[in-house]
Structures are given as structure tokens and as C-alpha cells.
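Participant: Heads up, here are the entries from TrEMBL:
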DOMAIN    21-347  domain 'Kinesin motor'
BINDING   Gly105, Pro106, Thr107, Gly108, Ala109, Gly110, Lys111, Thr112  ATP binding site
REGION    362-408  region 'Disordered'
COMPBIAS  387-397  compositional bias 'Basic and acidic residues'
COILED    430-457  coiled coil
Amino acid sequence: MAQRVPVSEACGPAASKRVSRVRVAVRLRPYMEKQDKKAEGPCVRGLGPQSLEIVNWRNATETLQYQFDAFHGEQASQQEIFLSSVKPVLPHVLSGQNASVFAYGPTGAGKTHTMLGNPEEPGLIPRAVREVFSLATERERESADWTYSVGMSYLEIYNEKVLDLLSPGSTDLPIREDKDRNIVVQGLTHMPIDSFSHFHALFAPASLNRTTASTKLNQRSSRSHAILLIKVVRSLKSPPYRQQMGKLYLVDLAGSEDNRRTGNQGLRLKESGAINLSLFTLSKVVDALNVGGAGRVPYRDSKLTRLLQDSLGGSAHSVMIANIAPEYKYYFDTFSALNFAAKSKLIVNRPFVREAVPSCAPTVPVKRPRDEQGPRAASEPHRKRSKEGAGDEHDGDPGQGRPCSPPVSSVLERLLALEKLMMGSPERERLKLLKTVAESRKEIQELRRKQQELESRALVINTSDKAVPPFHRKQSTAARPKKQQAVVPPLQVLQPVPPTSVCKPLLCASVKSQQVTKALKGKENKQAGSCGSEGDWASRLDPTMLERSRQQILSVLNTGTLRELKGLQLIGDKKAKLIQGWREIHGSFAQVEDLQRIEGITAKRFSSFLKATTYLWATLRGGEYPSA
């Protein structure tokens with residue numbers, strides 16, 4: 001099975017990049033005076049090797065400027081375009097990565113001439129294939145450890161049907177995605193080629209099978225998108241016999257058409273509709289990639305974009321040659337092509353090396369001891385063992401006898417897995433992990449010891465103090481895991497503060513305060529029934545203790561921080577902030593009853609607050625209040 005290898009681990013010139021932006025080059029077709037009856041002149045002109053300008057159709061006195069990776073004027077040759085835009089991406093194909101070169105533009109702008117050329121001046125496709133063979137030969141001379149094999153496939157998309165140009169009798173071929181997430185065309189012919197002359201012998205007749213027709217704008221207009229796939233497999237001669245596969249897509253797109261100017265009717269009209277629809281989907285893909293995020297990219301809306309999925313936003317080094325025409329009658333087509341090229345320049349691809357270990361790689365037979373074969377092997381009949389032994393005598397040569405074993409059971413796969421495991425877990429990391437586990441166990445034992453100590457102290461205090469009802473552990477309703485020994489359940493028993501401890505007032509945890517308040521309320525309900533008035537409960541306390549409690553509450557109201565105010569009973573975050581605001585505006589509280597002037601604190605709520613706070617302090621402090 002193929003696996004993805006980061007680009008930084010790949011060998012060759014591809015090792016320096018993790019991302020690759022789509023490179024865009026613009027080629028301006030020569031001006032044709034015979035077709036321009038009004039002699040208006042060109043609407044586009046170049047400003048430099050990377051910039052150009054076009055007349056603003058809203059205001060003829062202004063121009064719109066564009067910046068691209070390269071601009072090729074009317075006098076640019078095929079060799080110049082190939083050297084500056086196409087040749088730099090070809091070494092990536094021989095390193096196990098994908099690359100794509102596609103020509104885009106309106107009909108009649110010279111896309112097919114750019115990709116195919118003529119016998120006197122070949123186009124980008126024959127030059128790229130010749131360069132691939134040249135690079136493969138050069139690398140085989142430099143390193144004898146690797147060998148390269150080249151193959152080709154050629155197809156066209158006509159009326160949203162995928163047709164095999166190497167096999168003219170084929171029907172519509174389905175597009176699939178294999179287990180390694182590669183986009184493949186099921187049933188597409190793949191021909192191995194060993195030289196450029198062999199390629200030319202297959203490519204020339206196949207190009208004649210492509211659908212073309214005559215329109216008012218072009219004598220031989222392409223009515224389909226043609227895609228040439230060059231596949232290069234780089235194989236290691238020695239174990240582990242790794243293979244890296246790179247693909248080169250050379251795409252000649254059909255041009256967008258305005259049926260009012262081309263005069264298409266009947267079948268030509270249907271063809272132009274399919275072409276424009278696929279190009280519109282291509283523009284939607286570019287827009288979705290530029291927006292980014294987790295939105296859907298409509299690759300599957302067209303077979304063209306489905307096949308170009310790796311080239312746009314995928315794992316490929318992509319180059320787009322935008323062909324434009326200088327005549328004014330092509331103005332809006334040129335303007336649209338430049339805008340599309342400007343958006344495509346922003347797309348970022350993430351190429352990676354796709355590497356695989358072939359399942360039929362020769363393996364070295366390894367004898368296993370008898371004690372490692374298991375009890376089942378020891379209990380087999382002697383006749384079966386002798387038969388297997390006789391069969392093993394013919395397996396010395398991996399190329400003879402029975403076919404090679406599957407990769408899962410091969411010795412090579414097991415050795416690679418063992419090496420990966422050992423490399424991923426060095427000795428010091430294992431010791432560090434054991435040390436962490438030992439520290440965790442020690443910490444768990446310490447927490448359990450503290451839990452038992454706190455529970456015993458709480459039990460002693462609860463039995464000695466008759467005024468406070470005993471605390472009860474809250475039983476958890478959640479089911480505990482059976483084998484989870486490293487989790488210590490949280491403590492539910494409260495720990496009263498010893499009388500000798502000195503702390504700030506009202507720093508008790510809110511959870512403890514609420515539980516004590518509930519316990520006190522339950523006791524009051526049992527002993528005195530309803531305690532609505534202040535006199536009923538105040539008469540049960542020592543007057544000195546009650547006065548000290550009121551003074552302590554008043555001190556907290558006047559000088560307490562936000563945290564101390566929230567520690568008061570029935571005072572939350574909102575009420576504490578209101579108290580601070582009132583204190584900043586009106587000054588200190590003269591008496592505790594002034595708390596009723598705060599919004600939301602009624603007389604009944606104030607009585608409950610005073611009663612709960614007084615009982616809590618009297619219970620927890622035993623009459624000993626901290627100084628203000």
C-alpha cells in the first residue's frame with residue numbers, strides 16, 4: 001500500500017518545499033490585422049517580464065494592470081516559455097511528486113498551439129516529455145541504486161464523457177478514487193514507453209482522434225479537453241525495494257465560447273454548452289479554494305475538475321499558461337481570462353511524495369526455532385510437516401515456484417514494522433515513561449492517605465459537636481469503571497477549620513458554606529418550625545455573639561474585597577458588585593440594615609442573609625471571630 005512521505009524527507013530538488021503556489025504565466029498571441037476590420041489596434045500590451053495592462057472598458061482613458069509570475073509577449077518562442085515556466089517543475093515528477101501544466105484561455109487564443117506546436121516549433125508537451133527522458137537518463141548515470149520507468153495515458157473529455165484516445169473504440173470511462181485516495185480512470189489504457197520516439201509514435205495518431213471542428217473564430221477548434229498523463233515510477237534496486245511514483249498532467253483545455261460570435265448551432269451548440277459548463281465549474285473550484293475554510297470545493301460537479309483535483313489545491317506543482325488575444329473583439333474574453341488567472345495565482349498546493357513497497361519484492365527466507373512455532377505447529381501430523389518441508393525446498397528463489405507472499409505476512413514487512421517500533425521508542429523515552437508512571441502511583445497513594453486522614457478528623461469533630469448534624473458522604477450515581485485504579489474520587493466530607501487557625505473572614509469555599517447552610521436550615525425546621533422573624537432566631541443566640549457577628553458583617557461590607565463579599569451567605573457576584581458600587585457612591589455602611597438599600601435585597605432576604613451568616617460563623621468559629 002502506498003504511503004505519504006513528507007516532502008522534507010524526499011530526495012532531490014523537491015525537498016526544499018512543503019507548499020507550492022500555482023504559478024501563472026500569460027502568453028499574448030500575435031496581433032492578426034486581417035481579422036481586425038476596424039483597425040482599432042491591440043487592447044493589451046506588456047509592461048515587463050511579469051506585468052501587463054489592459055484597457056478599462058468602463059473608461060477608455062484608464063488601464064488595468066496585472067502582475068503574474070511571467071509574461072510572454074507576441075515575440076516569445078516555445079522554447080522560452082518552456083524554459084521559464086515548465087522545465088522547473090519537471091524534476092519533481094522524478095522524485096515521486098505530481099506536476100501539472102495546463103493551458104487556459106478563450107477559443108482562438110492559441111492554447112493548442114502552445115501545448116502541441118508544429119514540426120518546426122514543437123509545443124510544451126513534446127518538449128516536456130523529451131526533458132523527462134533526459135532527466136531519467138541523467139539520474140540513472142549519477143546513481144546506480146535507482147531505476148526509472150515511464151508510461152503514458154491519453155484521454156479527452158467530450159460532452160462530459162471520458163474517452164480513451166489511445167483506444168478509439170472505448171466508451172465513457174468512469175472516474176474512481178482508489179484506496180490510496182488517488183484519482184484514477186477505470187479502464188484507461190496505460191502504455192509503457194522507453195524513449196521519446198516511442199512516445200511520438202503513440203501520441204501523434206492518438207492526437208488525430210481528438211474531436212475538433214470549424215467555427216467562425218477558428219478553422220480547427222478543439223471541442224474537448226485533452227489530458228496527457230505521463231507516469232514515472234522510481235524504483236530502488238536494493239532492499240526494501242521502495243517505489244516512488246510521480247505523475248505529470250499536460251492539459252489542453254477547450255476554450256470558452258460566445259455562441260453569438262462563433263455561430264454554433266446543433267451539435268456545436270451542445271459541445272460549447274458542455275465546455276462552458278466545465279470551465280464555469282473550474283472557476284467555482286478556484287473561488288472556493290481562495291475563500292478557504294471548511295467549505296465544500298465542488299470538484300465532483302464536473303469531470304474536468306475531478307481529474308484536476310490534485311492540480312488545484314491538491315498534491316501537485318501546477319503551472320497555468322493563460323493564453324489571451326490582443327484584438328478588441330476578444331476584449332471581454334481576455335478580461336475574464338486575466339481575472340481567472342489572477343485568482344488562480346493565489347491557490348496553494350501541498351505536494352508530497354507517494355511511496356510504496358511492492359508486495360512482490362524478493363524476501364530472504366528465515367528459519368524459526370521450533371519453540372517459536374507454537375503448540376499448534378508442534379501438534380501437526382508428521383506427514384503434513386514433511387510435505388511443507390518439501391515445498392520449502394523450491395522456495396529458495398523468490399522468482400520461481402509459488403507466487404510471492406502478501407506483504408502482511410512477509411518477513412520484510414515484519415522487519416520494517418519492528419524497526420519502526422524500535423526507532424519510535426528509544427531507551428531513554430521508555431525509562432522516562434516508567435519514571436512518570438512511578439511518580440503518578442506515588443502521588444495517588446499520598447492522596448489516598450490524606451483522604452483517610454481528613455475523613456477521620458471530620459468524624460471526630462462531628463461527634464464532639466452536638467449542635468452541628470453529622471456530615472454524610474454523597475453517594476455517586478455514576479457507574480464506576482471496573483479496572484480504573486488510577487482515579488481518586490473527589491472528597492465529599494467537609495473539613496471544618498480548626499479554632500487555632502487564623503484566616504481572612506469569609507474565605508470558606510462556597511460549596512462548604514452551602515452545605516452547612518442546608519444542614520442548619522434542616523435543624524431549624526425540626527426544632528423551631530418556621531423562623532420568619534429575626535427575633536425568633538436571634539433570641540436563641542448569645543447577645544454578645546450576635547453583636548460581634550453584626551460588627552464583623554459590617555466590617556466586611558465596608559472593607560471587604562469582591563471575593564470576600566461573594567463569600568457572604570446569599571451574596572453572589574452580582575450583589576457583591578452592587579455593594580462595591582454603592583460603597584463608592586455613598587461611602588461606608590453605617591449599619592448592617594443599610595444593606596437593604598441595595599437593589600434586589602428585600603427585608604425578607606436581608607433577614608435570611610443575617611440569620612445564615614450569623615449561624616455559619618457561630619458554628620464554624622465557635623464564637624471566635626477573626627479581627628477585621
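Quick reminder: no glycine exception, Cβ is built from N, Cα and C everywhere.
Bear in mind that TrEMBL entries carry predicted annotations, made automatically and left uncurated.
For the listed features, I'd like the structural context: burial, neighbours, distances.
Facilitator: Taking the Cβ of Gly110 (ATP binding site) as centre and 10 Å as the limit, one finds 20 other Cβ atoms among all the protein chains shown.
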Participant: Taking every residue in the coiled coil (430-457), what is their average pLDDT?
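Facilitator: Over the coiled coil (430-457), the predicted model scores a mean pLDDT of 85.
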Participant: Pick from Thr107, Lys111: which of these binding-site residues has the biggest number of other Cβ atoms within 10 Å of its Cβ?
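Facilitator: Checking each of Thr107, Lys111, the winner is Lys111.
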Participant: Indicate the candidate from Gly105, Pro106, Gly108 with the smallest number of other Cβ atoms within 10 Å of its Cβ, considering only these binding-site residues.
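Facilitator: Looking at the binding-site residues Gly105, Pro106, Gly108, the Cβ with the fewest others within 10 Å is that of Pro106.
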